[in-house]
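Structure in structure tokens, see below.
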Amino acid sequence: MMGEFELIRHYFFPIAEVGNASSVLLGPGDDCAIQRIGPDLDLVFSVDALVEGVHFPHHYDPEKLGWRSLAVAASDLAAMGADPVCFTLALTLPDANPDWLSAYARGLASAARRFGLSLAGGDTTRGPLTLSMQVHGTVPKGEAILRSGAQVGDCICVSGTLGEAGAALDHLENDSPGPEVQAVLRKYHFPEPRLALGTALRGFATAAVDVSDGLVADLGHILEASGVAASIDASRLPLSQHLKRLVGQSAAGLALNAGDDYELCVTVPPQVWAILPEKIRRELTVIGEVVAGEGVTIDWGDHTENLSAGGYDHFRN
């Protein structure tokens, strides 16, 4: 069966060449597309769809969904180093339940204020619960951080901690009062796109991607676009104490493979890392190095593991 990304490349990449394609600086294949909109300014934009039962559980809390639906879309802007501007929402609903809509709007408004994004328009229709969010941001001309700039020798860095949102999936229907469970659930319900960090990394990072499908999978997008490979030191993965207490030795596996973290994975030349402002360095952990070749090698201390840079695929998983 054709996978998600093969499907996109086969059927839809050719369409990127029709119409007024010359005005689009970057089309499909990165976290966002880029269009030149002024002599010194580029428009950065992306769209995300969230479907009930696929991206979030049935009967999911609508206020949490309001926050989450905008956060996951805004994370693409963070990966490009973009300043957030506005978003549009296409909302498909099984019915117009006022209580559900009020709660969803509250969560959405909280996220919009937090991320600096205003609602610019949208559409509503009836059908299975689906939310399609398009986000718009800007970057100074030519300063967007792409997936394709990683070079051999670059440091591989990630923001925050990884694996908690993946651990939360086992607890979405069982809201335990324990602090560990509450901590991982919060990471799932209320992801924080790294917008300020993304803009701060302009001019420093050679490549970036947001971690939505799992670190190995999303780092793989950088590796493929840049024509390089990665060596990861498992002992350097940033793991929270909550996660380690909750899942024990499974924590590193979740950090590598679980999705929904919405942290940033970036590559930075070692000489640039050495002069990065301390405020930026505090938000990042160096976990490995860009190397020549293909795929991802994980150093577990007593052995190494070679992985292909695959991940969650909507048409194969």
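Note that Cβ sites are derived from N, Cα and C of the backbone, with glycine treated the same way.
TrEMBL annotations: computationally assigned, not manually curated.
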Among D61, D76, D83, which residue does TrEMBL annotate as binding Mg(2+) 4 together with D31, S46?
D76
Among the binding-site residues D31, S46, H55, D76, D260, report those whose Cα falls within 10 Å of that of R147 (ATP binding site); none is a fine answer.
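Of everything listed, what lies within 10 Å of R147 (ATP binding site) (Cα to Cα) is D31.
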Counting each residue once, how many in the domain 'PurM-like N-terminal' (29-139) are helix, strand and coil under DSSP?
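Helix/strand/coil tally for the domain 'PurM-like N-terminal' (29-139): 37 helix, 50 strand, 24 coil.
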Long-range neighbours only, meaning 6 or more apart in sequence with Cβ under 8 Å: which ones does S212 (ATP binding site) have?
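For S212 (ATP binding site), the qualifying residues are V72, S75, D218, G259, D260, D261, Y262.
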For the Mg(2+) 4 site (D31, S46, D76), what does the 8 A shell look like? I mean other same-chain residues with CB within 8 A of the CB centroid.
D30, C32, V44, D48, A73, S75, L77, A79, M80, V135, D210
Helix, strand, coil: count each for the residues of the domain 'PurM-like C-terminal' (151-300), based on DSSP.
65 helix, 33 strand, 52 coil
For G122 (ATP binding site), list the number of other Cβ atoms lying within 10 Å of its Cβ atom.
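If we count other Cβ atoms within 10 Å of G122 (ATP binding site), we arrive at 14.
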Just how spread out is the ATP site if you go by the largest Cα to Cα distance in Å among G122, D123, R147, S212?
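Across G122, D123, R147, S212, the widest Cα separation comes out at 31 Å.
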